[in-house]
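Here is what Swiss-Prot records for this protein:
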| type | residues | note |
| --- | --- | --- |
| SIGNAL | 1-17 | signal peptide |
| BINDING | Ala9, Ser44, Gly48, Asn50, Val171, Arg302, Ala329, Gly332, Tyr333, Gln334 | FAD binding site |
| BINDING | Phe54 | anthranilate 2 binding site |
| CARBOHYD | Asn192 | N-linked glycosylation site |
| BINDING | Tyr243, Arg302 | (R)-lactate binding site |
| BINDING | Tyr243, Arg302 | anthranilate 1 binding site |
| CARBOHYD | Asn262 | N-linked glycosylation site |
Amino acid sequence: MAKIVVIGAGVAGLTTALQLLRKGHEVTIVSEFTPGDLSIGYTSPWAGANWLTFYDGGKLADYDAVSYPILRELARSSPEAGIRLISQRSHVLKRDLPKLEVAMSAICQRNPWFKNTVDSFEIIEDRSRIVHDDVAYLVEFRSVCIHTGVYLNWLMSQCLSLGATVVKRRVNHIKDANLLHSSGSRPDVIVNCSGLFARFLGGVEDKKMYPIRGQVVLVRNSLPFMASFSSTPEKENEDEALYIMTRFDGTSIIGGCFQPNNWSSEPDPSLTHRILSRALDRFPELTKDGPLDIVRECVGHRPGREGGPRVELEKIPGVGFVVHNYGAAGAGYQSSYGMADEAVSYVERALTRPNL
């Protein structure tokens, strides 16, 4: 089979590598960072993560649709992957109804595209089941919560078990990957899963890439479900949100914010205060067994891209075939298998049509 170099060992790179390995290809993963590293340059460990699609349809929704049943099955059959099946409750505030009628995110719709994709989908309007007076209705369904540190290690272990090799180094130019396949031979295809670094990677330098700063708090407190809200109480903080992701180990991720073009890597104490205050105001039961037990404040840079993610085949002069798979913004985990499968299809196209 073909010799492939995958640049990047985040969720996109590892998922794509895994799908290529399952087809019998010889894969070398090249990355400055690998699971276990905690660097602001390595986005994937800082994510929540869950399956909570916010696209209204089209290709981006298709990526999420492909990933849902795979993640659900992993939660059921492979507990070592760190994925938990758990209910997701999206709270739609009464005050947001007018604007939602104009621009309604999929997670707040009464009749979203994914209602027949997920398990146990339900619109809850019965006031006896809605705790908060300012909530118009709930969108509830069976979702997954991914412990990202555990899952990234699981992905890497799966890749290694199928024969992948790993080269831990920074790639400064896309052409350098031609010298890095473990066989010593030039790879047939390079797969670029460099995430936000695609902005700086020589030979790519995608200036459409930009950071979307996120800040969350990891705590040893939990709810029996996951939660999100259509907006926060303060009108002046429109780039902030309230969401709680409940992991299998009893910890929770409480967030957060979506701050485009913010490269800051340091936690903002005032934002941490707002995040926790909102969570406790909405869910005082978080502290039923004791006060909030904070593990750490986390900051990450989601790989945003103008026009959406890039999944495509390119033939670069002097380099060869490159398949790009990056720029999923905040949807990296929930879109991972859909985007990886499309990337694999482009690899196969390059292999079968070398004169493109």
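Keep in mind that glycine also has a Cβ here, set from the backbone N, Cα and C atoms.
Other Cβ atoms within 10 Å of the Cβ of Asn262 (N-linked glycosylation site) number 18 in total over all chains.
Cβ atoms under 8 Å from those of the signal peptide (1-17) belong to residues 23-31, 33-35, 42-44, 47, 148, 151-152, 155-156, 159, 164, 166, 171, 174, 177-178, 180-181, 183, 185-195, 197, 201, 325-326, 328, 332-333, 336-337, 339-340, 343-344, 347, 351 of the same chain, restricted to positions at least 6 beyond its ends. Contacts of Val171 (FAD binding site) defined by a Cβ separation under 8 A and a same-chain sequence distance of 6+ are given as Ile7, Val30, Glu32, Ala177, Leu180, Ser194, Leu201, in order along the sequence. For the pair formed by Asn192 (N-linked glycosylation site) and Ala9 (FAD binding site), distance between Cα atoms is given as 10 Å, rounded to the nearest Å. In this structure, the CA atom of Tyr333 (FAD binding site) is 11 Å away from the CA atom of Arg302 ((R)-lactate binding site). Of all the recorded positions in the record (Phe54, Tyr243, Asn262, Arg302), the one with the smallest CA separation from Ala329 (FAD binding site) is Arg302.
When the record's FAD-binding residues Ala9, Ser44, Gly48, Asn50, Val171, Arg302, Ala329, Gly332, Tyr333, Gln334 are compared pairwise by CA position, the greatest distance found is 30 Å. When the Cα atoms are compared, Ala9 (FAD binding site) and Arg302 ((R)-lactate binding site) turn out to be 15 Å apart. For Asn262 (N-linked glycosylation site), the nearest of the binding-site residues by C-alpha distance turns out to be Arg302; the candidates were Gly48, Tyr243, Arg302. The distance from the Cα of Gly48 (FAD binding site) to the Cα of Phe54 (anthranilate 2 binding site) comes to 15 Å. The two recorded residues, Arg302 ((R)-lactate binding site) and the residue listed as 'anthranilate 2 binding site', show a Cα separation of 15 Å.
Between the CA atoms of the residue listed as 'anthranilate 2 binding site' and Tyr243 ((R)-lactate binding site) there is a gap of 14 Å, rounded to the nearest whole number. Scoring each of the binding-site residues (Ala9, Ala329) by how many neighbouring Cβ atoms lie within 10 Å, the top position goes to Ala9. Reduced to three states, the DSSP call for Ala329 (FAD binding site) is helix. The binding-site residues Phe54, Tyr243 differ in how many other CB atoms lie within 10 Å of their CB, and the one with the most is Tyr243.
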